[in-house]
Every structure is written in structure tokens, then in C-alpha cells.
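First comes the structure, then the notes that go with it.
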Amino acid sequence: KVFERCELARTLKRFGMDGFRGISLANWMCLARWESSYNTQATNYNSGDRSTDYGIFQINSHWWCNDGKTPGAVNACHIPCSALLQDDITQAVACAKRVVSDPQGIRAWVAWRSHCQNQDLTSYIQGCGV
């Protein structure tokens with residue numbers, strides 16, 4: 001599923017993402033935009049450690065989920081990676097919350113550091129009534 005911008009903003013707000021661990025809704029929206037273009041079915045293979053990033057937040061199989069093919073995978077979210085590709089983003093949101101509960105928080109995502117950190121993010125939630 002490819003979310004419309006405001007549809008995703010409202011959905012993330014409903015899931016309690018706005019202000020979770022001090023991270024504003026606009027930051028989550030910016031992250032999702034640059035990681036997946038709001039697409040729940042996005043995947044990206046990393047040849048370096050043979051891991052894959054999954055879903056709307058591009059959550060990595062080395063640390064967070066199990067895809068059955070990543071060497072030395074940890075599966076800290078205790079889910080199959082396929083769960084991160086569903087139209088229903090409940091499990092993706094729960095796992096993203098787990099990711100940012102670690103000390104580095106949202107800085108775990110390279111795309112956030114590259115495109116969202118220290119930027120004006122108002123456009124990501126503008127006009128969405130959130």
C-alpha cells in the first residue's frame with residue numbers, strides 16, 4: 001500500500017507516534033517519505049552485511065526482524081520481516097517504536113540524518129489536520 005501523505009500522518013498520530021520518545025509526527029513523516037516514499041511494500045537489499053530493509057520505515061533484518069536469510073540476525077522486534085510489508089502498519093509502528101527506544105533513537109536511520117535532521121519539516125504534515 002502506498003499511503004497518501006495526510007492519510008499516513010493521521011494513521012501515525014492515531015498510533016501514538018506524535019511525541020513518542022520526543023519524536024514529532026513531522027519527523028516520522030519525513031523518515032517514511034525518504035525511506036519508502038510512504039510505500040509499505042518497499043524493500044532494499046544491503047550487500048555489505050546481506051541484510052534487507054523492509055516496509056514503510058525500512059526496518060533492517062540484521063537487527064529487528066527475521067527473514068530467514070540474514071546471517072547472524074537478532075530479531076529484536078520478534079517478528080517475521082514479512083509483517084513489515086503489510087497494508088496494516090500496526091506491527092511496523094510497534095517495531096519502529098522499539099528501534100527508537102534504543103539510545104540512538106531516530107538517528108538509527110541514515111535517511112533521517114541525511115534529509116530530516118535540522119530541517120524545517122512543517123510541509124510533511126501541513127494541511128492534514130493533525
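Placement of Cβ uses the backbone N, Cα and C atoms for every residue, glycine included.
Within the set CYS81, CYS95, Swiss-Prot assigns CYS95 as the partner of CYS77, by disulphide bond. Take the candidates CYS6, CYS30; Swiss-Prot pairs CYS116 in a disulfide bond with CYS30. If you go by Swiss-Prot, CYS128 shares a disulfide bond with CYS6, out of CYS6, CYS65. Long-range Cβ proximity for CYS77 (disulfide bond), meaning a same-chain Cβ under 8 A and a gap of 6 or more residues, is found for ILE59, TRP64, CYS65, GLN91, ALA94, CYS95, ARG98, VAL99. Mean pLDDT for the domain 'C-type lysozyme' (1-130) in the predicted structure: 98. When the recorded positions CYS30, GLU35, ASP53 are screened for a C-alpha within 10 angstroms of the C-alpha of CYS81 (disulfide bond), the residues that qualify, in sequence order, are ASP53. Using a 10 Å radius centred on the Cβ of CYS128 (disulfide bond) and all shown protein chains, the other Cβ atoms total 16.
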